[in-house]
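Trainee: I am attaching a structure below and will ask some questions about it afterwards.
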């Protein structure tokens, strides 16, 4: 018997159909392996958990500055605050993080392509710790803004490499749950800073928030570089050693098959680009780059407008006007952080079990429903002064947005972008997202006065509906697919998911 390999052996034109000759129930590695080999279906081993653990710690550190404003603004806006903070100043404190994040993301692309994914992450951690130091020692608004800017730039540097590193080290069948880990960890960081902001003064919040960044730096120093990056640098021996470590030891059939696929893909790209102008801008105009970039950036825009991050940045400010007098908005904000943590974890598990598209659909639909109802309740005053209806609806909205829309952008970044531009493209995507988020968060006080609380919730609802429609039309299902297969899908010349080439049955793959 002879099995046709699914890995790409030629240039992009040959790749257009390669990914669709593998059956849904046969792992890509198994289809590429010799007929006599029996690839080991391993569980995620200790090595992969070490990688995930380091990125958990790093992402907890990244979640702290995201939640900082929601936790600390009530203290800064208190009449007895050592740094007087009005509404306009508060909006600058909130949005400065997003304003500076694009600076970091623009640096992250070149850093992770030249230094490697791991080293790019290591660069971010001292900057993050230094930002917390400046914040903790701040005596005026200017120092607060500088510290927020430093933290934002650090988060910008680490955002893309953390997703890319996990995506490139994970097995295809486990990529969904592992790549979602940083977003669960962001939720831990947000909850951590909300709790500390409730218990201690904001200066101590800053000191405690620097701890995860320092711990992550030490942990990352103990880990190897991405095998994908090593192959592209020509360091094949080190790449094979890393794959062996990640897949359970030397001699693993799976690691050898993956190595062959990585080398084949790198050789095909090199041959295809030989003699061509391979500038970044020309690469960005290729269809298999344009398509995922458009899909991701529109999704991110609609996710932002659905309020996923606004309710983190302005947790107390957004909830306090609509809460009954007997319920503390600060306490509800903490509960939103707990719900976000739990549901982002649930979302990671569901991504693995049911796939990306169903999770995206349910998350967007649920967010649309609960924010629409919340807007009606607030507008018509249906919630009595002692009613728990508003906080319950708010928590249900956070639950629905967290298990899908909150974690999908990072997953898409690690899966959809082609290897040749993954570093620069992921950095560009994160920059675009944060530029928009800066504008939205800075405009929040003015928009709230214009729309009112009910209008804001309806804006979230409409954006969630549009997100649902966009996902239904364009979001590809990548569960269980190798990165090579996903890249080949975008080379196939289709935009709408329902018009994709279908996989053929096993009988078309195996010849007697």
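Placement of Cβ uses the backbone N, Cα and C atoms for every residue, glycine included.
Automated prediction, rather than curation, is the source of TrEMBL annotations.
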Trainee: Which stretch does TrEMBL mark as transmembrane segment, out of 456-475, 476-495?
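Mentor: Feature transmembrane segment in TrEMBL: residues 456-475.
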Trainee: For which of the residue intervals 120-139, 200-219, 220-239, 240-259 does TrEMBL record transmembrane segment?
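Mentor: Based on what TrEMBL states, transmembrane segment spans 120-139.
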Trainee: Between 120-139, 177-195, 456-475, who has the most Cβ pairs under 8 Å to the transmembrane segment (294-315)?
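Mentor: That would be 456-475.
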Trainee: I need to check the long-range neighbours of the transmembrane segment (120-139): which residues 6 or more away from its ends have a CB within less than 8 Å of a CB in the stretch?
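Mentor: Distant contacts of the transmembrane segment (120-139): 55, 58, 61-62, 64-65, 68, 82-83, 104, 108, 111-112, 146-155, 157-158, 161-162, 165, 203-204, 206-207, 209-210, 213-214, 216-217, 220-221.
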Trainee: Other than its close neighbours in sequence, what residues sit by the transmembrane segment (358-382), given a CB gap under 8 Å and a spacing of at least six beyond its ends?
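Mentor: For the transmembrane segment (358-382), the far contacts come to 306-307, 322, 347, 350-351, 389-390, 393-394, 396-397, 399-401, 403-405, 408, 452-458, 460-462, 464-465, 467-468, 471-472, 475.
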Trainee: Please identify the stretch among 145-165, 177-195, 456-475 with the greatest number of Cβ pairs below 8 Å relative to the transmembrane segment (423-444).
Mentor: 145-165
Trainee: So which of 145-165, 177-195, 456-475 is most in touch with the transmembrane segment (327-351), counting Cβ pairs under 8 Å?
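Mentor: If we count Cβ pairs closer than 8 Å to the transmembrane segment (327-351), 177-195 scores highest.
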Trainee: Let me spell it out: take the transmembrane segment (177-195), skip the flanking residues so only those 6+ beyond its ends count, and list any with a Cβ under 8 Å from a Cβ in it.
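Mentor: For the transmembrane segment (177-195), the sequence-distant neighbours (Cβ-Cβ under 8 Å, at least 6 residues beyond its ends) are 44, 48, 52, 55-64, 66-68, 70-72, 162-163, 166-167, 170, 205, 208-209, 212, 312, 315, 333-334, 337-338, 340-341, 344-345, 347-349, 351-352, 402, 406-407, 410-411, 414-415.
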